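> The structure is given below, and queries will be raised subsequently.
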């Protein structure tokens, strides 16, 4: 499975591509950071991110895009910009029929390091080890994008099982409702 990991941001947006093999075997295929000037207009910054992400999607053809879910930070402007960048990325993927999944920072840290409170240095060290990279990915946005892709690769089987179980439960509930309504109608 090819997974594009994205650490969204307006100033720096980390992009990565990982391919999963048997078991927990992973191969890093590409990683980059899209940068936009902080003094540029918001629309221009989002357009630059969109153009870069669309190029990645059209070049690498991932099956899934894993994006970091934005949580409350102290700076509301930063949160809004990050969320807007994430929305542009999700839209670009959706337009191409590529599945999009969001993962929380603590979920990613736990998947990669075993500790949901790990710091950036620990995440970077584990990403380097897991992917057998020759050097640590820099800046942190690149390492975070790789960590997101790793997290999704390792969680994908669980996500698929949960979706299948939910679908079966919904189908059973619909059948039960149909049977109940038929019983009510027959009782009239």
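Any Cβ shown, glycine's included, is placed from N, Cα and C.
Feature list, courtesy of Swiss-Prot:
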ACT_SITE  7  active site
ACT_SITE  68  active site
ACT_SITE  141  active site
BINDING   7, 141  Mg(2+) 1 binding site
BINDING   68  Mg(2+) 2 binding site
> Going by DSSP, is residue 68 (active site) sitting in a helix, a strand, or coil?
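Assignment for residue 68 (active site) reads strand.
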> Other Cβ atoms within 10 Å is the metric here; tell me which of the active-site residues 7, 68, 141 scores highest.
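Per the Cβ count, the most surrounded site is 7.
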> Please report the distance from the Cα of residue 141 (active site) to the Cα of residue 7 (active site), rounded to the nearest angstrom.
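For residue 141 (active site) versus residue 7 (active site), the Cα atoms are 6 Å apart.
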> If you run the three-state DSSP split on residue 141 (active site), which class comes out?
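The three-state answer is helix.
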> May I ask for the distance between residue 7 (active site) and residue 68 (active site), taken between their Cα atoms and rounded to an integer number of Å?
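That separation, Cα to Cα, works out to 6 Å.
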> For residue 7 (active site), just give me the three-state DSSP call.
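Reduced to three states, the DSSP call for residue 7 (active site) is strand.
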